[in-house]
């Protein structure tokens, strides 16, 4: 009798933990390598253009930004 109760409680606990874990990971990607690949693709150093507030002396500004303040130190990408 005690063993049956322990087994029932264990099954209920494992079922509840599976449901909680499934709900938590619903919007996350399954494979860590895919997430890392996306992070490397969006890495700041991998872009070919300067973002807002970055210098435009050595690289062009990203689309939608303009190089402003082209003094002696070069300009800054701004809207």
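Backbone N, Cα and C define each Cβ position, glycine as well.
Remember, predicted model here, so these are calculated numbers, not experimental data.
Record features, source Swiss-Prot:
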SIGNAL    1-22  signal peptide
DISULFID  49-62  disulfide bond
DISULFID  56-67  disulfide bond
MOD_RES   60  4-hydroxyproline
DISULFID  61-77  disulfide bond
MOD_RES   63  4-hydroxyproline
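In the three-state DSSP scheme, residue 77 (disulfide bond) falls into the strand class. When secondary structure is read from DSSP and collapsed to three states, residue 61 (disulfide bond) falls in the strand class.
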